[in-house]
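Listed in TrEMBL:
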ACT_SITE  ASP294  active site
ACT_SITE  ASP720  active site
BINDING   SER258, LYS264, GLU265, ASP294, LYS486  UDP-alpha-D-glucose binding site
BINDING   LYS487, ASP511  Mn(2+) binding site
COMPBIAS  1-10  compositional bias 'Polar residues'
REGION    1-85  region 'Disordered'
TRANSMEM  170-188  transmembrane segment
TRANSMEM  194-214  transmembrane segment
TRANSMEM  791-815  transmembrane segment
TRANSMEM  827-846  transmembrane segment
TRANSMEM  918-939  transmembrane segment
TRANSMEM  951-969  transmembrane segment
TRANSMEM  981-1001  transmembrane segment
Amino acid sequence: MSGGASNYANYTVLMPPTPDNQPYSGGGGAPSSTSTGGTKPDDLPLPPYGPSASSKLVNRRVGDGGNDGAGAANGKMDRRLSTARVPAPSKSLLVRSQTGDFDHNRWLFETKGTYGIGNAYWPQDNAYADDDDGGAGSGPVKMEDLVDKPWKPLSRKVPIPPGILSPYRLLVLVRFISLFLFLIWRATNPNLDAMWLWGISIVCEFWFAFSWLLDQMPKLNPINRAVDLAALREKFESVTPSNPTGRSDLPGLDVFISTADPYKEPPLTTANSLLSILGTEYPVEKLFVYISDDGGALLTFEAMAEACEFAKVWVPFCRKHAIEPRNPDSYFNQKGDPTKGKKRPDFVKDRRWIKREYDEFKVRINGLADLIRRRANAMNAHERKHARDKAAAASSDAPTADVPTVKATWMADGTHWPGTWLDSAPDHAKGDHASIVQVMIKNPHYDVVLGDAGSQPYLDFTGVDVRVPMFVYLSREKRPGYDHNKKAGAMNAMVRASAILSNGPFMLNFDCDHYIYNCTAIREAMCYMLDRGGDRICYIQFPQRFEGIDPSDRYANHNTVFFDGNMRALDGLQGPMYVGTGCLFRRYAVYGFNPPRTNEYRGLYGQVKVPIHPHVHAPGPGAAEELRPLSEHPDHEAPQRFGKSKMFIETIAVAEYQGRPLQDHPSVLNGRPPGALLMPRPPLDAATVAESVAVISCWYEDGTEWGQRVGWIYGSVTEDVVTGYRMHNRGWRSVYCITRRDAFRGTAPINLTDRLHQVLRWATGSVEIFFSKNNALLASRRLKFLQRLSYLNVGIYPFTSLFLIMYCLLPALSLFSGQFIVATLDPTFLCYLLLITITLMLLCLLEVKWSGIGLEEWWRNEQFWVIGGTSAHLAAVLQGLLKVIAGIEISFTLTAKAAAEDDDDPFAELYLVKWTSLFIPPLAVMGINIIALVVGVSRTVYAEIPQYSKLLGGGFFSFWVLAHYYPFAKGLMGRRGRTPTLVYVWAGLISITVSLLWITISPPDDRITQGGIEV
């Protein structure tokens, strides 16, 4: 320490933070000498902790305090923070006995000092207030007072390691060059003995190379992302000068659940999805849940009412014990120890009680259909009796006959159900019923409402937030003669109704069989939306994860190659596609507006990036109407675009403002001030609810741009892809959010027939996209080049089936004819083939490495690509061509079904064999290849001059084709290898037809050779 007769009684330390090396304060006092007698010159600069750096700084050490007047004068110098009074230990005690050096550790112990981030400060055992002046030093010293908090981003990109990505890109280049040279060699070396075989093969190979490029090029820049949930909580939910109460400043979120038929989509599944959403970790007063019942069924309505009652105990139970997942059915069916990680002593008792309540809840839900039917019969019988008695009283002299009465469906309160009745009637049928809006759970109080020991008789919710988010049931109006546009129309109705009732600037949509598996997933998505530059993001797509799939994933239901490979790669471009469910949207982008900032990509392959103003229209092919700003004439054009509801139009600007990121850094553009969303929402009134009913009427969209440019886009069975494409085409970006724990989970069909019909629907939508104005060839310049290729591949991939089925038949044709696609197995051909195959395998290994998928998943995907390509994709192309050319629509329906034998087996559905016409092409390919193998082997074995090279070429490719069809063959054989008779009949008919056709084309020679003599 510095010299002087007495020790210093109080001081506060800055960098350097040790008492023997104090910074010199350039006041009026005498300079203090060091322990060695040296002094510090007056012209030394102060440390970088002056008043310009922070308003809360530790003051310099005071003077000697007893040697001269200057020391006393400096006793109260420059108080920037309170001076800490610390008992001064004797200097002799703070010196090491051996070396005489100052003992830092002992000083820290004696003074209870601690070293922080570049500073030393005292812990807050008491308040170090300065009794002398009680002014600036009236509070304890905290570490956050000494250090300025740096601005933290909410998300960041995590690049793929160069050791993986660089070889991957190099292999893509090598394979491209190999394919190019191979195709040149094939085109210049025809097989003159079998030109027809060579011609078919060369056309297919050129198409496959083109298709591979479309699929591979968008994968050149995959990325990963990470979020900082602590930074999100610190910015939006912590006590700050702009948020003195610490109330949540996060924007509102509207969650949509869509369902159509309670008899195909069980109400218990929908109720579990609703419970998982109501219990998610998001501010309760900012979360609004909507369910769209497109069938208008009373069964769904009463099931949701039961779920709301159960949510009053389930949601606080989940918060109290940190339950995960918050879908009751999934939680109670989990394997493993349920008490793992639980610390509350009453968890076992609470879990036992809530499990019993859930079992009773399931019984009530499952019994609702019969209850509604019995109630309707009883009420209708009472109405008939009342009508007969009334008629008899009116005409006592005449004989009474049965009075006709309607067979209505009755609600529990004794009134007619306004939606679809069990027995259809005018104004109460599936396609003919009124609008229904019912707020089942009102918007909760904006402050936390804690439970107490007496609030629930069996569970103690003391200190637990017992509020439940707002929930609304709605069913849009349907009338004959209107095109209701299926799911897209239902989504647009929910968008309008939610804008009136809650107007959350962000929207998250679910199918009724999907639920929240990770209760913090929504917060992770908000990290991207509310981060710097987040105002340019139109949606956050989560990967789809599925439950109940067989362990071998026979039909590639998990689809991990697409969700973990293709979608992750698109995230490095302009963003992933929208795939229907588990997607969080920016409401302003769904309304069809342009992003606040965007770029145009000009040049041959978009290599020139030109920033443009969002309201400047730059014409492009097919983009004139698409890119025209919606706000050009807001006064008179808004009703033409959004409808005539003034209340709805007023919500647009509010939603845009509330969805902006915080303006807490100079680099944040188009932000909002902190604390702007702290005000509580006004309660709903009757006029607001009436307006929400009006905007979901069937006539509201007439003369507007809903479905054309605003909202979900109509005209395709894959409205999800088209809607996402339109947003990207305006210049918006999207983000792929892969969470460590799966964000959402759902169900997928594990039966072969159901899986093929699912793929058929997707492929049919892709064909419709190709023949519409949503073709990526007509996209604007705001779509990146590689992003354009990915959307182009969406519309083109079903047409690969035409070439795939021909190529799968080429080995059989080679074996039948005794020829091959090349004249001989030339070494050049074999070298090219080997190089292309090796590069493909290496690309597969590296793709598995950066995407995290397994080799078995990749192989299952390859197998089902062949199965679906020769069945569902082919049917989709046929259906699309007939619809475009002739206006004929073909539907492929199920014609037979074999029941499962073991209902207890969770994978019993896997073994169901339901015949469909989609089975015919794969069966034909398999049968023809098997027959061709037999014919080829027989011809070669009994030939005078066996040509084993041609047998080897054709046989190897036939085996390769059959290996891809192995899951299909296994699916036809059922549980124990029992194949339906219909499969044998079709296989026999196809084999006989092909054999007769071949005999007609190439009849056998009548000449017989014996001993070299022709007879």
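Every residue, even glycine, has its Cβ placed from backbone N, Cα and C.
Counted as Cβ pairs under 8 Å, contacts with the transmembrane segment (951-969) are highest for 791-815 among 170-188, 194-214, 791-815, 827-846.
Of the candidate ranges 170-188, 194-214, 791-815, 918-939, 170-188 contributes the most Cβ pairs within a distance under 8 Å of the transmembrane segment (827-846). Those residues of the chain, other than SER258, LYS264, GLU265, ASP294, LYS486, with a C-beta within 8 angstroms of the mean position of the UDP-alpha-D-glucose site C-beta atoms are THR259, ALA260, ASP261, GLY295, LYS487, ALA490, CYS512. Cβ-based crowding with a 10 Å cutoff singles out LYS487 as the top-ranked of the binding-site residues LYS264, LYS486, LYS487. When the recorded positions SER258, LYS487, ASP511, ASP720 are screened for a C-alpha within 10 angstroms of the C-alpha of ASP294 (active site), the residues that qualify, in sequence order, are SER258, LYS487. Overall, the recorded UDP-alpha-D-glucose-binding residues SER258, LYS264, GLU265, ASP294, LYS486 cover a maximum inter-Cα distance of 16 Å. For the pair ASP511 (Mn(2+) binding site) and LYS264 (UDP-alpha-D-glucose binding site), the Cα-Cα distance reads 13 Å. In this structure, the active-site residues under consideration are ASP294, ASP720, and the one with the smallest number of other Cβ atoms within 10 Å of its Cβ is ASP294. In the structure shown, the C-beta of ASP511 has more C-beta neighbours within 10 angstroms than that of any other entry among the binding-site residues GLU265, ASP511. Ranked by Cα separation from ASP720 (active site), the binding-site residues SER258, LYS264, GLU265 are led by SER258. Recorded residues GLU265 (UDP-alpha-D-glucose binding site) and LYS487 (Mn(2+) binding site) have their alpha carbons 14 Å apart, per Cα-Cα distance.
Each residue contributes its Cα atom, and for LYS487 (Mn(2+) binding site) and SER258 (UDP-alpha-D-glucose binding site) these two points are 8 Å apart. Neighbour density for SER258 (UDP-alpha-D-glucose binding site): within 10 A of its CB lie 21 other CB atoms from the protein chains shown.
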